[in-house]
Amino acid sequence: MKVLILIIASVLLIGVECKDGFPVDSEGCILLPCATRAYCSVNCKFMKGSGGSCDTLACHCKGLPEDAKVQDKPTNKCGRK
């Protein structure tokens, strides 16, 4: 019983950090234009996210891995710093 409580407490304390945002390529260009909510959700899940939705003509993904490249806002810099 003590072991079970220890495991549950450990899981709650460790947590899992995830990113939310607009996925971008190496040039900083937004990857997924928004077609439908279902399209965004499927593509965000393909990128190992928990899901996605349409937001300002771009897909906004939720629950992406920490190493995913994202922008917080849907401004498309595309190669500009």
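Cβ from N, Cα, C; glycine included.
Taken from Swiss-Prot, the feature disulfide bond applies to Cys29-Cys78 (among others). The secondary structure of Cys29 (disulfide bond), as reduced to three states from DSSP, is coil rather than helix or strand. Cβ contacts within 10 Å of Cys29 (disulfide bond), excluding its own Cβ and spanning all protein chains shown: 13.
Counting only residues at least six positions away in the same chain, the Cβ atoms of Cys40, Cys54, Asp55, Thr56, Leu57, Ala58, Cys59 sit under 8 Å from the Cβ of Cys34 (disulfide bond). Residues or ranges marked as disulfide bond in Swiss-Prot: Cys34-Cys54 (among others).
Note on Cys59 (disulfide bond): other Cβ atoms within 10 Å of its Cβ, all shown chains, come to 27. The disulfide bond annotation in Swiss-Prot covers Cys40-Cys59 (among others).
Marked as disulfide bond by Swiss-Prot on the basis of sequence analysis: Cys44-Cys61 (among others). In this structure, Cys44 (disulfide bond) is part of a helix by DSSP. Just so you know, the Cβ of Cys44 (disulfide bond) picks up 24 other Cβ atoms within 10 Å once every protein chain is counted.
Under the heading domain 'LCN-type CS-alpha/beta', Swiss-Prot lists 19-78.
Annotated cysteine amide per Swiss-Prot: Cys78, in sequence order. In the three-state DSSP scheme, Cys78 (disulfide bond) is classed as coil.
Annotation comment: Swiss-Prot describes 1-18 as signal peptide, evidence class a curator's inference.
The most densely surrounded of the disulfide-bonded residues Cys40, Cys54, judged by C-beta neighbours within 10 angstroms, is Cys40.
Each of the disulfide-bonded residues Cys61, Cys78 was scored by the number of other CB atoms within 10 Å of its CB, and the largest score is that of Cys61. Rounded to a whole value, the Cα-Cα separation of Cys29 (disulfide bond) and Cys61 (disulfide bond) is 15 Å.
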